[in-house]
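J.: Okay, here's the structure, questions in a sec.
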Amino acid sequence: MKTGFLIDMDGVIYRGSHLIPGADEFINVLLRKEIPFLFLTNNSQRTRRDVQTKLQRMGIHVEESHVFTCAIATARYLAKLKPNGTAYIIGEGGLLQAMHQNGFSIVDHAPDFVVVGEGRTVTLDALESAVNMILGGAKLIATNMDPSCPTQSGTRPGCGATVAYLEAVTGRKAFSVGKPSPIMMRAARKELNLATSQTVMIGDTMDTDILGGVQMGYRTVLTLTGGTRREDLPQFAYGPDVIVESVAELCDINQFVQSSLPIGNREDDTIHNFREWALANA
Ligand SMILES: [Mg+2]
């Protein structure tokens with residue numbers, strides 16, 4: 001049976017600019033065995049090419065088409081809603097490029113949409129402009145709602161924080177397209193031509209990767225190399241199917257692909273130690 005993977009990057013493949021040991025080997029196994037996969041990121045800052053280059057510098061050689069960002073998901077979604085529309089953007093290159101490629105004009109007056117993504121270029125002037133556009137009728141769109149992002153030096157405010165600011169001032173609620181939204185989760189599966197039952201989401205964040213996968217009925221794998229610890233799990237009313245210390249544990253991909261993992265996301269179904277489980281069920 002065909003299986004394919006949707007793989008989060010930050011906290012799964014790397015942390016900041018450091019490769020997580022074994023992640024390169026895992027991707028090489030997927031490439032060698034021609035198992036379909038897509039990197040799925042809620043970071044809208046970078047283009048596909050930027051992400052490809054970053055991975056290349058870490059020794060992971062993939063195609064641009066292996067990268068699917070929330071910026072791409074957002075731009076495609078909005079293009080269907082309003083072909084040849086206009087947008088005001090608070091964000092960076094990845095979002096701007098995706099919007100242009102999907103037929104949008106970027107304007108600073110009376111746009112159809114105010115689209116907010118990740119970036120370090122937010123100014124009070126830009127926020128004030130956005131507020132007035134939203135109050136004037138522009139729809140508030142978020143590429144994702146992550147409130148923050150862990151960095152090597154601490155915590156960086158995320159897109160969700162900027163969106164919360166705009167929501168507070170305008171009293172309007174944003175519509176978000178990135179993980180865990182079914183819009184992005186489904187678009188990624190379709191990109192790989194997989195059925196729901198063939199799709200596995202691997203991620204380190206419960207609120208986005210795992211929740212998104214659970215809602216879609218995908219199998220889910222939580223890695224502990226990112227922001228989530230085992231002790232955090234009891235607070236959630238959903239859970240992953242499998243917990244691994246790191247994606248390195250999945251390098252023997254046959255064990256994973258050919259295993260009939262339980263699907264149900266019940267606490268007592270979760271495989272807490274994949275290596276032991278795979279041995280016992282070999
Ligand atoms: Mg992550």
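Cβ from N, Cα, C; glycine included.
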J.: Out of Asp125, Asp146, Asp204, which one does TrEMBL list together with Asp8, Asp10 for Mg(2+)?
T.: Asp204
J.: Asp8 (active site, nucleophile) has how many other Cβ neighbours within 10 Å of its own Cβ?
T.: 25
J.: Out of Asp8, Asp10, Lys179, Asp204, which recorded positions have CB atoms lying under 6 Å from ligand 1?
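T.: Close enough to ligand 1 are Asp8, Asp10, Asp204.
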J.: Which one is it: of the recorded positions Asp10, Asp204, which Cβ has the fewest other Cβ atoms within 10 Å in this structure?
T.: Asp10
J.: What are the non-local neighbours of Lys179 (substrate binding site), defined as same-chain residues 6+ apart in sequence with CB under 8 A from its CB?
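T.: Once residues fewer than 6 apart are set aside, Lys179 (substrate binding site) is near Asp8, Leu40, Asn42, Cys70, Asn144, Met185, Gly203, Thr208, Asp209, Gly212.
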J.: Around the Mg(2+) site formed by Asp8, Asp10, Asp204, list the extra residues of the same chain whose Cβ is within 8 Å of the site's Cβ centroid.
T.: Met9, Gly11, Val12, Ile13, Thr41, Gly203, Thr205, Asp209, Thr223, Gly226, Gly227
